Every structure is written in C-alpha cells, then in structure tokens.
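A quick write-up on the structure given underneath.
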Amino acid sequence: MRRVAVLGATGSIGASALDVIARHPDRLQASVLAAGRNVDALLELCARHAPAHAVIADEARFDALKSGLAAAGLSTQPHAGMAAIDALVAGDTCDTVVAAIVGAAGLDSTLAAARAGRRIALANKESLVLAGSLVMAAARESGAAIVPVDSEHNAIFQCLPPQDGRAARDIRGLRRLVLTASGGPFRGRTRESLRDVTPAQAVAHPRWSMGPKISVDSATLMNKGLEVIEAHHLFGVAPGAIDVVVHPQSLVHSLVEFVDGSTLAQLGLPDMRTALAVGLGWPERLESGVAGLDLVRQGGRLDFEAPDLDAFPCLRLAFDALRAGGTAPAVLNAANEVAVDAFLSGRIGFLDIPALVEDALAALPAAEAGLDALREADGRARAHVTFAIGRRA
Ligand SMILES: NC(=O)C1=CN([C@@H]2O[C@H](COP(=O)(O)OP(=O)(O)OC[C@H]3O[C@@H](n4cnc5c(N)ncnc54)[C@H](OP(=O)(O)O)[C@@H]3O)[C@@H](O)[C@H]2O)C=CC1
Ligand SMILES: CC(=O)[C@@H](O)[C@H](O)COP(=O)(O)O
Ligand SMILES: [Mn+2]
C-alpha cells in the first residue's frame, strides 16, 4: 500500500490526484491532506478519504479544522502551519508526496520531501523554477524519485527510459525536447488587442480545467516559460535544446527528438488524471478514469505553429532568465506571482504582467544561487513589483 500525502488537496491537481487514489483502495491510501485556507473543502475531503492527518497552512483556521473534524466524528489528526506540512512529509506518515501547492509556497514541502527520500509526484513547477538545482540535488542525495506530473514533463518522462524510477538525465542521443503549448485563450491575438482583457477571459482555458494562477500563466505563455526551466532541471537539458511549439488541440503533450531523426511523443486526452496515475503508480500503469484517445472523434487533425513572442513576451523572458542563471529564474517567478495576483484582483492590466516581470529582471541582476540567496531574491522581487504596482495606483 502506498501512503500518499496530497499537498494542495483542495485544488485542481489535488482533486485529480484524489480521484485516482480513490480508484485504487487496494494500492493507494491518502494518508495526509494539506490545504492553504479552505477549511470547508478540506473537511469534505477528510470525510471522503479519511486521512490520518489533515493540515491547514493558515494557522488562524486551526480551530475550525479541529472542531470540524470532531463534529464529523473523524479520527483524522488536525495540524496547522507550513512547518507542520514539512514535518509530516519528512516523518513516517507517507511514502509518496503529491506536490501540488501553487507557487513558491510549495518550495519548502517539495524540498522536505526530496530530502526525506519520498517518491514525489511533482506538479508544483515553481519549486523547480525557484530552486531546481537544489531540489534535484537533494533528491539525488536521498534517493527520492521525482516523477513529473506536469503534463508536458510527464509526457517526456514516458518517452525517455526512466532511470531507477527517476526522470532520465544525460540522455545519450537526445537532440532536443519539444514542449507543446495550447496557446491559451488568446492564441492568435495581437499584443495591442490584449490590453483590456479581463481576468475572467484569461482564466477561461480552452482545453484544461486548472486553478486561476496557472490559467493566467497559460494565457501569457509564462506557463510555458516556467516549464522550459522545469524541463531543464528535470532532464538536465540545456536551454538551446528545448523548444516550444503551439498545439491548440492539447492532445500531443510533448515530444522528444533523437539524433537519428526519431521523434517520440505521448498523446492523450487533456485530463490530468493520466499524468497523476503515472506519478502515483509508476512503474505500474494504473486505471485513471480517462478514456482512450480517438483521434477521428477529436477532429481528425493535429495542428502546430510557432509561438508569437511579440504578443506573449513572457516565454522569451523565461528563456532569458534561464540563460542568465543564478537568482534570475527566482526573480522571474516571484515577479510573475505578484503580477498575476494583482491582475486577478483587478489592480493591473494583462499587459502589465510581462512589463513588471521584465522590469524586475532588469532591476535585480542575477547573483549566485544558494538557498538563502534564492529566498532573498524571491523576497526582493516581490517587494520590487509590489512597490511598482503601488506607484501606478
Ligand atoms: N491544474 C493543473 O492542471 C496543473 C497544475 N500544475 C501545477 O500544480 C500546482 C497546483 O495547481 P492547481 O491545482 O491548478 O492550483 P489550485 O489553485 O487549483 O490549487 C492550489 C492548492 O494549493 C493550496 N495552497 C495555496 N497556498 C498554500 C500554502 N501556503 N500552503 C499550503 N497549501 C497552499 C490551495 O489551498 P486552498 O485552496 O485551501 O487555499 C490549493 O489546495 C501549481 O504549481 C501548478 O502550476 C501543473 C500542471 C497542471
Ligand atoms: C495541464 C498542464 O500541464 C498545464 O501546464 C497545461 O500545459 C497548460 O496549458 P498551456 O499549454 O496552455 O500552458
Ligand atoms: Mn503543463
């Protein structure tokens, strides 16, 4: 029996992970559920999955969690605070961790899981963007297997022969990785036409149902930029050997090209339960609830086009940050998180997102990247963008 800690249980990935887990009561058990602030949703999940532990990151909500569990007659142990999540992940409560907290807030628990040698089904791409070298080094040292569940990286993981259950690195004969991008809700639009788009329009992803932050990232193409950096760390591939192609149907989840001219791809319906079944079951294949792919019924065509870096400069900014190295990806990520939050709450416009990220990267030059320096760069980028937004108001 694999005991699984689902971090970000109340979110979109959390729901997909718990759906797959519930299909395999003989093999998988949700032993820890962790959420940020949504106590009611967490209590509902506890009633359905009966985990041994439940954590709410917002400490002010501990009493609500505790009394809710007691009122429901559940024996689940309540905890509060981010440190409690890290301690549970590192302790004897689980052997597998679904890392699905959104944003840089997921870094500490991902690192805790990597240091503790857990099998990690990794959705929280921001932890790799912020501190990829450190997370990967910690996993190598402890023996933790990282199985990427971000759909593109999961596709590449399936196309490459995994090494000891880990994402393959230093792959002989590899020419390049090709990440597919849906193009988001604004594919085909000019930069100028994006000036007044609303948060509701930006989160209306054409193919995937996801949380608000990653949906906006898909709309700006920052999601693909973050994924390029994620792929660099997971698979040890240089930025010049990672390409992005827009594929609006989101059926080809990514491709791997070899020096002999072969290209391997993984295809499937756009449903994250497939990637999570791979992450939770590997090397076994688990039934996920996702139907097979009928290419004729899906419209009978697969389209591909180049990304428009003029309308969507975030992808270029991410490549620039990866090439600059050091603290630059941490600055990119933190600036983007603050800008996306401001966009979602109506304080800035859509085109301000790339402008603010570019400004932060220019203002905070890349420095050497130890964990303390990365945290400091993250904090300085947040302060810089928050100040810049305040000045505009
Ligand atoms: N959704 C998808 O299909 C995909 C997502 N990903 C990645 O997976 C991650 C999660 O995305 P998604 O599920 O869409 O996001 P959601 O917004 O749907 O969910 C986010 C989850 O994180 C929790 N959370 C937020 N802050 C904290 C915190 N400080 N401590 C603990 N938990 C916290 C939220 O809890 P609460 O709501 O209770 O506050 C919620 O459970 C992101 O990194 C994203 O990039 C990658 C590929 C695909
Ligand atoms: C499901 C998943 O992995 C998302 O990261 C998805 O890729 C977002 O779609 P975009 O290709 O539009 O960024
Ligand atoms: Mn993805």
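First residue shown is number 1, and so on along the chain.
Yeah, the Cβs are placed from backbone N, Cα and C, and that goes for glycine too.
Unlike curated entries, TrEMBL annotations are predicted automatically.
What you see is a predicted model, and the numbers here were worked out from it, not measured in a lab.
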Site-mate of K125, S151, E152, H205, S218, N223, K224, E227 for 1-deoxy-D-xylulose 5-phosphate in TrEMBL, selected among S67, S75, S182, S262: S182
Residue from G188, G211, G225, G236 that TrEMBL also lists as binding NADPH with T10, G11, S12, I13, G36, R37, N38, N124, E126: G211
Candidates near ligand 2 among the binding-site residues N38, K125, E126, judged by a Cβ under 6 angstroms: none
Cα within 10 Å of E227 (1-deoxy-D-xylulose 5-phosphate binding site) - qualifying binding-site residues among T10, S12, G36, N38: none
Local Cβ density at E152 (1-deoxy-D-xylulose 5-phosphate binding site) - other Cβ atoms counted within 10 Å: 27
Entries of S12, K125, E126, H205 (binding-site residues) sitting next to ligand 3, with Cβ under 6 Å as the cut-off: none
Distance, E152 (1-deoxy-D-xylulose 5-phosphate binding site) to S12 (NADPH binding site) (CA atoms, angstrom): 17
